[in-house]
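Taken from TrEMBL, the feature domain 'TRNA-binding' covers B:39-154. Marked as domain 'B5' by TrEMBL: B:408-483. The Mg(2+) binding site annotation in TrEMBL covers B:Asp461, B:Asp467, B:Glu470, B:Glu471. What TrEMBL records for B:713-806 is domain 'FDX-ACB'.
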Amino acid sequence: MKDRLEALKVEAIGQIKEAQDLKDLQAVKVAYLGKKGPITEVLKGMGKLSAEERPVIGAYANEVRDSIQQELDKKQSALEDAAIAEKLSKETIDVSLPGRPVKKGNPHPLTAVVTEIEDLFLSMGFTIAEGPEVETDYYNFEALNLPKGHPARDMQDSFFITEDILLRTQTSPVQARTMEKHEGEGPVKIISPGKVYRRDNDDATHSHQFMQIEGLVVDQNVRLSDLKGVLETFAKKMFGEDRKIRLRPSFFPFTEPSVEMDISCFKCSGKGCSICKQTGWIEILGAGMVHPNVLEMAGFDSKKYTGFAFGMGPERIAMLKYGIDDIRHFYANDIRFLKQFKNA
Amino acid sequence: MLISYNWLKEYVNIEISPSELADKITKSGIEVEMVESLNKGISGVVVGYVEECIQHPNADKLRVCKVDVGQGEVSQIVCGAPNVAQGQKVAVAVPGAVLPGNFKIKKAKLRGEESHGMICSLTELGVDTKLVPKEYATGIFVMPSDAEPGSDALEYLNLNDHVLELGLTPNRADCLNVIGVANEVAAILKQEVKLPNTSINTSEEKAEDFISVQIESLEDNPYYGAMIIRDVKIGPSPLWMQNRLMASGIRPINNIVDITNYVLLEYGQPLHAFDYNRLGSKEIVIRRATEGEHIQTLDDQDRKLKDTHLVITNGKDPIAVAGVMGGATSEVQSDTTNVLLEAAYFASGRVRAASKDLGLRSEASSRYEKGIDRNRVYAAAMRAASLMAELAGGKVAEGIVEAGKREVNTYSVKMDVSRMNNLLGTEITSEQTASIFKRLGFGYKESNGQFEVNVPSRRPDITIEADLIEEVGRIYGYDRIPTTYLLSEARPGGLTKNQAQRRNIRTYLEGAGLYQAVTYALTTPAKSTHFSFSDEKVYPISVAHPMSEERSTLRMSLLPQLLEVLQYNRNRSMEDLAIYEMGSVFINRQEVLKDLPEEYVFVSGAVTGVFNEHLWQGERKTVDFYVLKGILEGLMGELNLSERITYEAGEIENMHPGRTAIVKLDGISVGFVGQLHPALQKDLDVKDTYVFELNATSLLEKETDQIIYQTLPRYPSITRDIALVVDQELPAGDLTTVIQAAGGALLKEVNLFDLYEGDKMEAGKKSLAFSLKYFDPERTLTDEEVVTAHDRVLKSLEERFGAQLRK
């Protein structure tokens, strides 16, 4: 009987090995391990055996059964793996083909620069103030210590619409309007970005429309040295940690003292190159301590309050930062130009 | 303002180089824009004496000269200048010399004659042609007879000098002259200023016997002084004076005119010399011009005057426009012998009016406009008269005939040292402050840090304490001011909700594939009204003096400019574009603009050509209406406004009449979306273009609902699909509205999923299929509830639109 079992085992394992698919395998399983299978048949004849032989043969029969089952399992998982592998191989694609493009635009470089500056000052506790682009002569000039006939009005040839209404030549009227709203109570801490207009012929360095971003702080005990601190923070953030700044005396009708700020050249670090015109310094912005007349006109007591203001041109900063050589690019909106500022 | 370094050194001791000086001036307040060397790389140019000058045998226009170039050496030089002549002292570039532009001089043969060098014109030596005296403009420059042959010609011509170009801010008109700059430099370098000599030996004659002066309005003309200089000989001014004029950008004319210009540059005082014999009277009357009065000015132009202009008259006719330009009739000419010298103070407003109206800006007018030193007028007159005596052989009649006040009192301004330190963030002492005022030449009194400073009349820009603080600060040095940080209350900064939403709109549109454009607000009058969707009458706003018609009128829509961007790109073969802009438009409802116009932030977009493309998968989809509508629907979702927005078919000028929807928020127009009118597309030469325009100001001023969490559905939903047959013209949106209304609270979603208009339909009909989703977050719906709601929907559709279920 043992021989018979041994033979069945060899026979079954042989068939398992030859099975081509899961169906063949199932047939083998039914044929050998089924209730009507040969092993069951063999076990039915166990009654004829002696009491000593019976457990030995019984154990052996179970052993054979387990071996066959093990082989079946092994083969089954091998067949399954092969089936999956075949399925996957049929599903193979060319991963080198280009992907489906995701439609995505990006901000205009001027917006990118303005946003960067806005975010910097927002993080320092400033808010953003805005005002109309068509302004009155009062807010654009008079409230800023530029009465009619003041020679400094020549610095800005303006687009007047009527005698009293014009396209603002600077964003400073927003400062005047904001201070007025505060009704003599500090602190005021704003930046005001926006479009401004001047009668210039458009060329590589001039544009009749351009952007400005100005800042204003009015409070008790605001000092020129504080302005220096704010501007230094700005310069390092925008143009790199190792930038140095330099203040030069200048003139603006709405500030006194007035300064211009230069930064050490970010290209040559002060050695002199074409960007800084061999001086090592690049002019970035104008600033100063708010003129007492401007404070008074807006309702602030200039004995109690002081303030500083600064203003810069996003076009100039973008041109420096990205190496753009012609201001007209900003307004032509050539798509090949716009697309270059994906990560700006 | 151009300042000659050598000239400046005459008034103040300078021991540093021009570029070091420039750096110091810049740091303390006046920007030196450029330091120019007048010697533009020149070497080897010497004085030569033309011993002989004969016609070139082979060339009509050439002369062959024998020139003594020093140390007895006589060179043959061929010269083409028409004015070369025997006996002249000239500038000779000898072989080996270098002229501007690295032009090297070599021995040469010209038409068979040897030439050992070149006789130079001033232009060839780097002087701007328009500054060269007229008689030498087309030829060589003839030097004074005392020039030594063989010596350095550049020394004679002052071409070893440097010129500092100052970028003066309007407050520093005091530096529009050499003495003013000398004062500034003296303060910086801690030096004293040496003023020129103005003493005169006057003749026996008295000026008042020759002329009387009368001013009609002292407000227009606070002071007028006239001096008489007799028996002058008109001729060229000395070379040193011509050199300084040229270095300062003024062309030498003759000795009298040159002297007035020289003193103008030296003192900043405009002067005018009249030919006394040609005045036509013995009186000077200064008055307003009468409206329409004429004068022929020095440049031989006939000028029509206005009553805002001030004129100098001979009692009858204008002989000069005050502060702007002299008249032709009384011009100093080569035969002039007697000169009337005018030194006056005209009100800047009068000079500005005339200079602006007549389009004449001169060295004189710009100084009057910016303000001159009220108390230097007389000194400048004396200086000019003394030079006329010295350099033109004139006899100065005694006295100056005046009207108005010669000098005004100066004033003082107070300054507190501790307030100064508070404003600057410094610790400058009273002693340091006092020494700075001394350097500036300001008189002062001080006690306990309280300064009372007497402001010199040359510095009218200083009127308040802050002005003095700036003076001390800049001379002390801004680089010595410390860096500190604001000590203010910590208040939150941050964006307003509106500002944050505008950023969201931009980010969303960029995420949807649109690039941001920034265009000009000024456009043509015609384009300014295009695409207007305002119901009320609006009036375009044009600027009074546009630079061009193209940029003359404020926009009321962003689209015309965005379409220009499409065209610009189209012309560069870029036809597939998706762009947007966010910017202000200007709406004016006043016939005459009295109040500021309304300003709105608009956000508009334009998409043309292919929008979705994945070529190897065969996808290449051009933009259509629904692409843009989808973008807007997404945007409204971002803004939490989806429920309140409707799209209604409508017509807008320049838009396709059948493919345009008006976008409404709570039933009020806030914009539109659609295709450009095909006629406009053809005009612009663009492919099918879809645009949208939204009034972002209106969109963002609406309060939106606070977000409140909705319980997630725990119970199953029931979906019913229906296909309806309706009239072809019926907008699908109307069906959706009715379904939503009829479905009641249980109907949570309605989605249109099919549209069929094919030939299987009855003529004039179409089929629309909707998927309706019912659920209740609180419980499982019963069949009956859904059936009731759904029947209500079907009934309403049938009643309202005769809609039938498709079989």
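From the backbone N, Cα and C atoms, a Cβ is placed for every residue, glycine too.
Projection of TrEMBL feature records onto the structure.
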| residue | record | Cβ contacts under 8 Å, 6 or more apart |
| --- | --- | --- |
| B:Asp461 | Mg(2+) binding site | B:Asn171, B:Arg172, B:Ala173, B:Asp174, B:Asp467 |
| B:Glu470 | Mg(2+) binding site | none |
| B:Glu471 | Mg(2+) binding site | B:Ile436, B:Phe437, B:Leu440, B:Phe442, B:Ile462 |
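Residue counts for the domain 'FDX-ACB' (B:713-806) under DSSP, helix first, then strand, then coil, are 31 helix, 34 strand, 29 coil. In three-state terms derived from DSSP, B:Glu471 (Mg(2+) binding site) belongs to a helical segment. Within 10 Å of the C-beta of B:Asp467 (Mg(2+) binding site) we count 20 further C-beta atoms, all protein chains included. Averaged across the domain 'FDX-ACB' (B:713-806), pLDDT for the predicted model comes to 90.
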